[in-house]
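Trainee: Pasting the feature list from Swiss-Prot:
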- Cys24-Cys45: disulfide bond (DISULFID)
- Cys38-Cys62: disulfide bond (DISULFID)
- Cys64-Cys75: disulfide bond (DISULFID)
- Cys76-Cys81: disulfide bond (DISULFID)
- 1-21: signal peptide (SIGNAL)
Amino acid sequence: MKTLLLTLLVVTIVCLDLGYTLECHNQQSSQAPTTTGCSGGETNCYKKGWRDHRGYRIERGCGCPSVKKGIEINCCTTDRCNN
């Protein structure tokens, strides 16, 4: 019985991957690359781009936000995939 419970515990930990935090780039436009650990079980990184009076702007971070028309967005699900 103890072996069965131990096996179930190990399988649960492996399947849930407890303690895993997605890592996303979070630098803006042409800044040097930086990363951040996402919180709250976030499973996406994003890269958002648009043009304004300063030129083409880029924003990166955790999540996959909704955007207005004219703003490009790319969402992805692996570590540092939004560079």
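Counting starts with 1 at the first residue shown.
Note: Cβ is positioned from N, Cα and C throughout, glycine not excepted.
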Trainee: Just give me the nearest neighbour of Cys76 (disulfide bond) among the disulfide-bonded residues Cys24, Cys38, Cys45, Cys62, Cys64, Cα to Cα.
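Mentor: Result: the closest of the disulfide-bonded residues to Cys76 (disulfide bond) is Cys45.
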Trainee: Within 10 Å of Cys64 (disulfide bond), Cα to Cα, which of the disulfide-bonded residues Cys24, Cys38, Cys45, Cys81 are there?
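Mentor: Cα within 10 Å of Cys64 (disulfide bond): Cys45.
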Trainee: If you count other Cβ atoms within 10 Å of each one's Cβ, which of the disulfide-bonded residues Cys62, Cys81 has the most?
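Mentor: For the disulfide-bonded residues Cys62, Cys81, the Cβ with the most other Cβ atoms within 10 Å is Cys62.
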Trainee: If we check Cα distances from Cys81 (disulfide bond), which of the disulfide-bonded residues Cys38, Cys62, Cys75 wins as closest?
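Mentor: Spatially nearest to Cys81 (disulfide bond) by Cα position is Cys75.
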Trainee: Given a separation of at least six residues and a C-beta threshold under 8 Å, show me what packs close to Cys45 (disulfide bond) in the same chain.
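Mentor: In sequence order, Leu22, Cys24, His25, Cys38, Arg60, Gly61, Cys62, Gly63, Cys75, Cys76, Thr77, Thr78, Arg80, Cys81, Asn82 meet the Cβ cut-off.
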Trainee: Which of the three DSSP states, helix, strand or coil, fits Cys81 (disulfide bond)?
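Mentor: Assignment for Cys81 (disulfide bond) reads coil.
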